[in-house]
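Remarks on the structure that follows.
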Amino acid sequence: MTESTSEYGLDRPRRVAVIGVTGSVGRQAVEVIERSPRLEMVGAVALRDAGGLAAAGARLGCEHLALIETATDDRRSWADPTPERFLHAVKPDVVLNAVVGVAGLAWTLAAIDAGHDIALANKESLVAGGRVVNERLAASSSRLLPVDSEHAALHQLLEGHRHHAQTLTITASGGPFRGRRWADLHDVTVEAAMAHPTWAMGNKNTLDSATLVNKGLELIEASYMFDWPQERIEIAVQPRSVIHAAITLRDGTHVANVSPPDMRRSIAYALHHPECVDIGLPHVPLAGLGTLELEPEPEDFPGLALSRAALRAQDHGGTAAFNAANEEAVAAFIAGRIRFTDITEIIARALDDLAPTPVTTLADVLAADARARQTARAVISARAVSS
């Protein structure tokens, strides 16, 4: 195999469109692409950071740039940010979806409908619209490749052991409040909640890690992504984030994915798959990783139990409601409108208010999302902390 020829049959660099290029994952994706001669960024989209978007384009020589929210005084010529039109113009081999929140679902569906592979960092696409996404995938040539470190690890492990695996284990660092009781976190500050011990992430993902709702979102994502019953998905705490995931085989053997915590590694995995490409990240000997201690799933944090309840109610939009209510609650907490422990109570209220009708189409998903947001906003208004 020559340097320019890959296992996916291309004699040129793989064309990558990065959606959400100015966010935490997007910025790291730019670095991964810059490090790899097998990748080329041919398109990039940002929400409103025009300067960051232009800088990313200049760094990688990419001229096809789109800004979703353009300032009235911005006279630059941006590409059409509509997902279908942008992807048609760019013609990527793979779309890295690093959009934050349910807004990323439109990009995932547009990529699938156009037959592009998706490197998925936007977990909300599957949490809110998992059934719709999987139905579209079944009728498409697209591949769904995970970017989250835990799901990238499970993807690697299952490629060799799918038919022998019994249980999937997703690990959590425990966040900044590991070892503390949920009831004692009522008055924690935004700054304290943002102090993640091992990962550098965007604001929402960091906050979700503090509540452990992030692990609930990842549990739902894994259930949809790997077509795996939630009863056979476990959460374990690994404080140093060195063990990313594990599977348990039918004979009781545990097989784990172990590496230093670095999102660039899982981004590179998704963008190069099925190849394994060294992009120059540090190699740490196994003995150099230190003690690989594990702790059981924290039962005191309600976010995990709520995610399982949401999956049980998926026929009525439970997972879409879980995601939508969390997005509203996180934004309200960051804005200082509610207390930290209100976040999961708001999610619980949204799950109690699901519509009785089945959720089977994209329109149904969006309706469930809207209903949950309305419920969440009402609860937030009633609980708003006086300034």
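Any Cβ shown, glycine's included, is placed from N, Cα and C.
TrEMBL does not curate its annotations; it predicts them automatically.
Annotation comment: TrEMBL describes THR22, GLY23, SER24, VAL25, ARG48, ASN122, GLU124, GLY202 as NADPH binding site. Mapped onto three states, the DSSP output places SER24 (NADPH binding site) in helix.
Residues or ranges marked as 1-deoxy-D-xylulose 5-phosphate binding site by TrEMBL: LYS123, SER149, GLU150, SER173, HIS196, SER209, ASN214, LYS215, GLU218. The Cβ of GLU218 (1-deoxy-D-xylulose 5-phosphate binding site) lies under 8 Å from the Cβ of LYS123, ASP148, GLU150, HIS151, ILE170, each of these being in the same chain and 6 or more residues away along the sequence.
What TrEMBL records for ASP148, GLU150, GLU218 is Mn(2+) binding site.
What TrEMBL lists as domain '1-deoxy-D-xylulose 5-phosphate reductoisomerase N-terminal' is 16-130.
Look at TrEMBL and you will find 144-226 tagged as domain '1-deoxy-D-xylulose 5-phosphate reductoisomerase C-terminal'. This prediction places the mean pLDDT of the domain '1-deoxy-D-xylulose 5-phosphate reductoisomerase C-terminal' (144-226) at 91.
Summarised by DSSP class, the composition of the domain 'DXP reductoisomerase C-terminal' (259-374) is 69 helix, 1 strand, 46 coil. Among the features that TrEMBL reports, domain 'DXP reductoisomerase C-terminal' is placed at 259-374.
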Other residues, Cβ within 8 Å of ASP148, GLU150, GLU218 Cβ centroid (Mn(2+) site): LYS123, PRO146, SER149, HIS151, ALA152, LEU154, ILE170, ASN214, LYS215, GLU221, ALA222, ALA245
Once the chains shown are all counted, how many other Cβ atoms turn up within 10 Å of the Cβ of THR22 (NADPH binding site)? 23
Least buried by Cβ count (within 10 Å) of the binding-site residues ARG48, LYS123: ARG48
Are there any residues at least 6 positions away along the chain from GLU124 (NADPH binding site) with a Cβ closer than 8 Å to its Cβ? List them or say none. VAL100, GLY101, VAL102, GLY104, LEU105, LEU217, ASN323, GLU327
